[in-house]
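What TrEMBL says about this protein:
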DOMAIN    B:65-177  domain '3-dehydroquinate synthase N-terminal'
BINDING   B:69-74, B:103-107, B:127-128, B:K140, B:K149  NAD(+) binding site
DOMAIN    B:179-323  domain '3-dehydroquinate synthase C-terminal'
BINDING   B:E182, B:H245, B:H262  Zn(2+) binding site
Number of protein chains: 2
Amino acid sequence: MQTLKVELGERSYPIYIGEGLLDQPELLAPHIAGRQVAIVSNETVAPLYMERLSKTLGAYKVLPVVLPDGEAYKNWETLQLVFDALLTARHDRRTTVVALGGGVIGDMAGFAAACYQRGVDFIQVPTTLLSQVDSSVGGKTGINHPLGKNMVGAFYQPNAVLIDTASLKTLPPRELSAGLAEVIKYGLICDKPFLTWLEANVDALRNLDQVALTEAIQRSCQAKAAVVGADERETGVRATLNLGHTFGHAIETHMGYGVWLHGEAVAAGTVMALEMSMRLGWISQDERDRGIRLFQRAGLPVVPPQEMTASQFMQHMSVDKKVLDGRLRLVLLRHMGEAVVTDDYPQEILQATLAADYRAIVAPL
Amino acid sequence: MQTLKVELGERSYPIYIGEGLLDQPELLAPHIAGRQVAIVSNETVAPLYMERLSKTLGAYKVLPVVLPDGEAYKNWETLQLVFDALLTARHDRRTTVVALGGGVIGDMAGFAAACYQRGVDFIQVPTTLLSQVDSSVGGKTGINHPLGKNMVGAFYQPNAVLIDTASLKTLPPRELSAGLAEVIKYGLICDKPFLTWLEANVDALRNLDQVALTEAIQRSCQAKAAVVGADERETGVRATLNLGHTFGHAIETHMGYGVWLHGEAVAAGTVMALEMSMRLGWISQDERDRGIRLFQRAGLPVVPPQEMTASQFMQHMSVDKKVLDGRLRLVLLRHMGEAVVTDDYPQEILQATLAADYRAIVAPL
């Protein structure tokens, strides 16, 4: 088992990574203060792991809360089911909320923990690759609004994160690929040697090689923990974690939540960020293509939806949180392995990026 | 003008108290970072002060958001109106939310600020006595749930609090009295000399004497700021601020939100806390009666609803946040001017307190 520590002063917390951790009560016990525990999961994950985790937490009074599955349910109505369950079972402010599932469950259970009685303890048990390397680290929680993704939420840190790599054996391959989009992202924004490692190991990762997965998750969490530790509330360097996300969110919003997986939208969005970085003269065409090929080998889409026009992109992006006083801030690559956040670029280069023919770009690769 | 500072490290903020502060743009300007400001108010307060405050904030792009008035609307559906307005007007994460109104508006606007894009700047402009001396200080925000009051919320500190004492001239006398319940509470829990001052000045306060009001608000805010500064997240001494609130919340919940004003329920609830403190031998009958008379002179109810039984009280109080692992913690008076939080008392004394004949107790006073 590997243990990482996210350094946030009095809100620091450990991330445990390893095979079979779901069955180890001694890892969770030090992080649970009261006698009540609510395990929040969804209809897909609960049949696989709810009973096992409940047994591991057998020393507590466990309340299982099973939500419908999918980004489409990441809204207030579903969140309300958590509050209803907690209040009906009379959970007090010393309860601990455990998120068992992917990013949507983590975001909603975390936001519920942040808001229930103005904040109760929270533990993340992410079961998808995406949530293991991304949403379980950093304290972002929240729900969607009809007018925008993640528009209502809180920064709220868990007491601990428990990553059982064996849980990836039940993950659909499409979702494994979606998680790899975020793994590749860490290489692109801050860890060029990791990019090279990924090029050598992407097939092993898709084949669920546990050694390769452990290494990839650990390096990804380390990269994210370092960035989050330096900038908890996303005023500076943390924003580089959003590489591909501004374009990607526009895709998700336009297509309707859940049609594209988040990681798929991030992959196509990152291709657009690579294209724009190249048009700014910051990376070479070879470097752009190197990134695109890695996404392709991970089984990810590298072309934005054909039907989306440049003006549709602009419309969706202008309600994105990355807009400050009307100027659209983007995460771009100054070099391979080094991202920057900037609103200082010629508008025509953004327009050309939105209008580029990505089918033609990827055809020869 | 008086300025108090609430000491909370990097989240410290000033409270400005004085007559006519609503018209002074220089007080607010240092606390507004972006160009967008949303003023959240209700249908009662907006016609009185929205135009004036908008004019004071004329240097910014002001979005007025007017909500229905009353505790009955302190729920998710109403909160959603704030998010809808902010998103429709494309407010970004540098926007500032200003609460203009009483405690309900402060709680909802504060919670909206805490959640909108995971947290934006927030300024309180409380216009009722209750919100000026209580809810504008301390960072508690939130909404009600059908199963309990304030069950969903956040601890979220404002950038500044602006208290214009002249706004009390438009406050209905019943609400002024409700605010005095919290003012008297500060005397009871931590400031015996203030109790004596209040006995000498309660009539002046009810007659809107501006000098007396300024003094009472300042001493109340000072008491609360000291307690909150020592214990921001209510793990210890801060809980003494809830004197009368556990009984009072039961009354509010039983009667339906908004039938009794919060301060009225706190007054009757505090009479119950005085009764229980007397039955424990901690204060004398004369001291109990001294407290009851002061509430009476402030125009407040001192008898809980006749139709509420002891078991109904117990039922409502057992979902209260003051329950830790099944034991009901109560705020009681160890002496006049000194409150304690305890779950160490004979159950029969609590039962006797709930079953006492308050009409007979107050009849001779």
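Each Cβ is built from the backbone N, Cα and C atoms, and glycine gets one as well.
Bear in mind that TrEMBL entries carry predicted annotations, made automatically and left uncurated.
Keep in mind that what you see is a predicted model, and the values were worked out from it rather than measured.
Here the domain '3-dehydroquinate synthase C-terminal' (B:179-323) has, by DSSP, the following mix of helix, strand and coil residues: 104 helix, 3 strand, 38 coil. For the domain '3-dehydroquinate synthase N-terminal' (B:65-177), the model's average pLDDT works out to 95.
Other Cβ atoms within 10 Å of the Cβ of B:E182 (Zn(2+) binding site), summed over all protein chains shown, number 27. Of all the binding-site residues listed (B:K149, B:H245, B:H262), B:K149 has the fewest other CB atoms within 10 A of its CB.
Sequence-distant contacts (6 or more apart, same chain, Cβ under 8 Å) of B:D69 (NAD(+) binding site) comprise B:N42, B:E43, B:T44, B:V45, B:V104. Using the Cβ center of B:E182, B:H245, B:H262 for Zn(2+), the list of other same-chain residues with Cβ within 8 Å runs, in sequence order, B:L130, B:D134, B:A181, B:K185, B:G244, B:G248, B:G263, B:A265, B:V266. In terms of C-alpha distance, the listed binding-site residues B:E71, B:Y73, B:K149 place B:K149 closest to B:H245 (Zn(2+) binding site). Annotation for B:I105 (NAD(+) binding site): same-chain Cβ neighbours under 8 Å, separated by at least 6 residues, are B:V40, B:S41, B:N42, B:V45, B:L67, B:A99, B:S131. In the structure shown, the C-beta of B:D107 has more C-beta neighbours within 10 angstroms than that of any other entry among the binding-site residues B:E71, B:D107. For the recorded site, B:D107 (NAD(+) binding site), the DSSP three-state label reads helix.
Close to B:H262 (Zn(2+) binding site), meaning Cα to Cα within 10 A, are none of the binding-site residues out of B:Y73, B:D107, B:T128, B:K149. If you draw a 10 Å sphere around the CB of B:T128 (NAD(+) binding site), it holds 28 other CB atoms from the protein chains shown. For the recorded site, B:T128 (NAD(+) binding site), the DSSP three-state label reads coil. Taking a C-beta cut-off of under 8 Å and a sequence gap of six or more, B:Y73 (NAD(+) binding site) has these contacts in its own chain: B:L67, B:V104. Across the domain '3-dehydroquinate synthase N-terminal' (B:65-177), the DSSP tally of helix, strand and coil residues reads 47 helix, 35 strand, 31 coil. Each residue contributes its Cα atom, and for B:E182 (Zn(2+) binding site) and B:T128 (NAD(+) binding site) those atoms are 12 Å apart.
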